[in-house]
């Protein structure tokens, strides 16, 4: 009788594991892949997020690691896609860039907070005069993007930054914006971005050819603070979340996700609860402020042929309507 009870108990544990893998979309291996082996646990919260149904691989590790990025790319098909959605033909570029970085780990608080509340802070003018700074700083993880400053805007957007996504044309070069507690995440859109990273890390003169505007000629962050975002995250944002076509008609320029949507996709992989701020744009008032900083207006957005902002706004509206995310700047 005792053996029968033990057998039922062990069977229950096995069934729980199988159901857990199905619900969370894990890779199904008995032992995790290399990209899952981080000093910090990406998913150690048993509370299923409201957005879980959006992701095929919720436990996907978001940063590239030199030791296993080729294996990870083969596992998830990233080796079949060109930039910005894969590593195809540019594996050596990624390997060279990763060889100069000291770490691919997540940050320390991931060990201490089991269910992480995150806020993704956009740069939209809707943040002006909202005084959300204290609210934003109360989250476990704060994700920002590009050169959206906190210096001088603390009352509106807070002081803390956990992750800041950037590309060479958008990263800070003024040391007054340096934050030792920020992890700076390079989003690679083109081969020149990886060349730039190599040149800037080894102190070589920066080749500015191939950029849509002059990239930063120096980096305010230390090597230990820099990560490279896995292109799978960008691919997921484009094809799975925004439903962009794999091939655009010849008479149309291909559209790619904005850094904001990419940052949101990153949050879905490392957070249990996601809130947004600064993602609402007023397309009907061209003279309204584009950002919470500077003097740019919404009229500039009409000239942008690289992104599909209408599709992104509809996607965000749907997420908010279904309560998959909470919008702090709804009104």
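Note: Cβ is positioned from N, Cα and C throughout, glycine not excepted.
What Swiss-Prot says about this one:
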CARBOHYD  129  N-linked glycosylation site
CARBOHYD  181  N-linked glycosylation site
CARBOHYD  295  N-linked glycosylation site
CARBOHYD  308  N-linked glycosylation site
CARBOHYD  327  N-linked glycosylation site
TOPO_DOM  1-4  topological domain 'Cytoplasmic'
TOPO_DOM  26-331  topological domain 'Lumenal'
TRANSMEM  5-25  transmembrane segment
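Swiss-Prot feature annotations superimposed on the structure.
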{"residue": "129", "record": "N-linked glycosylation site", "DSSP class": "coil"}
{"residue": "181", "record": "N-linked glycosylation site", "DSSP class": "coil"}
{"residue": "295", "record": "N-linked glycosylation site", "DSSP class": "coil"}
{"residue": "308", "record": "N-linked glycosylation site", "DSSP class": "coil"}
{"residue": "327", "record": "N-linked glycosylation site", "DSSP class": "strand"}
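Cβ contacts within 10 Å of residue 308 (N-linked glycosylation site), excluding its own Cβ and spanning all protein chains shown: 18. Taking a C-beta cut-off of under 8 Å and a sequence gap of six or more, residue 295 (N-linked glycosylation site) has these contacts in its own chain: 289.
Closest to residue 327 (N-linked glycosylation site) in space, going by CA atoms and restricting to the glycosylation sites 129, 181, 308, is 129. The Cβ of residue 181 (N-linked glycosylation site) lies under 8 Å from the Cβ of 160, 161, 162, each of which sits 6+ residues away along the same chain. Separation of the C-alpha atoms of residue 308 (N-linked glycosylation site) and residue 129 (N-linked glycosylation site): 27 Å, rounded to the nearest whole number. On its own chain, residue 129 (N-linked glycosylation site) has 156 as residues at least 6 apart in sequence with a Cβ closer than 8 Å to its own Cβ. Every protein chain considered, the tally of other Cβ atoms within 10 Å of the Cβ of residue 327 (N-linked glycosylation site) stands at 17.
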